[in-house]
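Record features, source TrEMBL:
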REGION    1-26  region 'Disordered'
DOMAIN    41-180  domain 'Potassium channel inwardly rectifying transmembrane'
TRANSMEM  77-98  transmembrane segment
TRANSMEM  152-175  transmembrane segment
DOMAIN    187-357  domain 'Inward rectifier potassium channel C-terminal'
REGION    376-416  region 'Disordered'
COMPBIAS  386-405  compositional bias 'Basic and acidic residues'
Amino acid sequence: MEQDVESPSIIKQPKLPKQAREDLPKQLAERDRAKKIQRYVRKDGKCNVHHGNVTEKYRYLTDIFTTLVDLKWGLNLFIFVLVYTVTWLFFGFMWWLIAYLRGDLEHLADNTWTPCVNNLNGFVTAFLFSIETETTIGYGYRVITDKCPEGILLLLIQSVLGSIVNAFMVGCMFVKISQPKKRAETLVFSTNAVISMRDGRLCLMFRVGDLRNSHIVEASIRAKLIKSKQTKEGEFIPLNQTDINVGYNTGDDRLFLVSPLIICHEINQDSPFWEISQAHLAKDELEIVVILEGMVEATGMTCQARSSYIGSEIKWGYRFTPVLTLEDGFYEVDYNSFHDIYETNTPACSARELADMANRTRLPLTWSLASKLSQQGLPEAMQEDQETKTSLDNQERIQQTERNGDIANLENESKV
């Protein structure tokens, strides 16, 4: 009886074409390069910059209010509770110290003794009295007497310092709560920027929108190109910032942001993208930072939203899908298509090369018209005018010759 024995099989990998084998390392290198690109500003608008080796840290304490506002919520709440607790404990200790030095704690059972604070018999009661004094609760069980001038002075000091602490900490919390940073969460930017033709010219475009019904007042948009450069003298400037014109000269940078808008940058001679083609864009390490600013309609505070696009997020030859439709009596925005793009015919060359090709196509046209005119000849009217001018010139030459001959004859006769 024969048995089937499983033999190890060798699986051969399919051999790739030569072009695919040559392109594979390039694709892997481009993928690794895309992963290594470090953002200057993240997609959520936070700046990816950390300040290190700051030796003059005392400068943070000179503006302690801003320092506290900039802290995270957890640490801010911890400091808020800590400041009040330390203040109550400190003044509670001072009330207990006065009672201890005056001997009030030794005459608790003596009804003829007038203490500084009635019903204060230890540190716990002194701490409770400190809380009642600073928060102006006033339960009425523990009260200060008029036989204690040092207690009256301490009461004044605690009242003034307590008011200052309340104003500082409550103001800090109010400013932190009313910060318009969360308002920027409802200001959205498209995931990708696109480059395509618009009105016969290459344009860089991205889309912005506001998800709330309360609008941003005096909204304006700015864009900057973040790219390292080297000057002619050899100086290397890391993360050089170059302005991208998004309508500053025409006023298009001031937005009425009721519905999503497509922000357009025309790539002309003044644009930093003038010499960048589709192939260069895929290899170039650059980042576009877009900044949307405006006042919140509800609070009147200035709000700023940021985002960025690296080279791999700039799609060449695409356009944005329309999101605005007309319904029965109103316009509706479909935010499901806010980030959608579709492909369109776009030349892969740079804007400069496109302009050079357009100039070259005009010159042969002029030459062909001139050659056709020379081949066909001049019109009959122009030929007649030219013949008339030629005959007149000949007559003038003949008359001039005759005059010269007459003058020569006269001179000969005079000599004879």
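Backbone N, Cα and C atoms are what each Cβ position is placed from, and that goes for glycine too.
TrEMBL annotations: computationally assigned, not manually curated.
Note that this is a predicted model, so its numbers are computed, not measured.
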Can you work out which residues elsewhere in the same chain, 6+ from the ends of the transmembrane segment (77-98), have a Cβ less than 8 Å from its Cβ atoms? 68, 71, 104, 116-117, 120, 122-123, 126-131, 133-134, 148, 150-151, 154, 158, 161-162, 165, 169, 172-173
When the domain 'Potassium channel inwardly rectifying transmembrane' (41-180) is classified with DSSP, how many of its residues are helical, how many are strand and how many are coil? 86 helix, 4 strand, 50 coil
Looking at the domain 'Inward rectifier potassium channel C-terminal' (187-357) alone, can you tell me the average pLDDT? 93
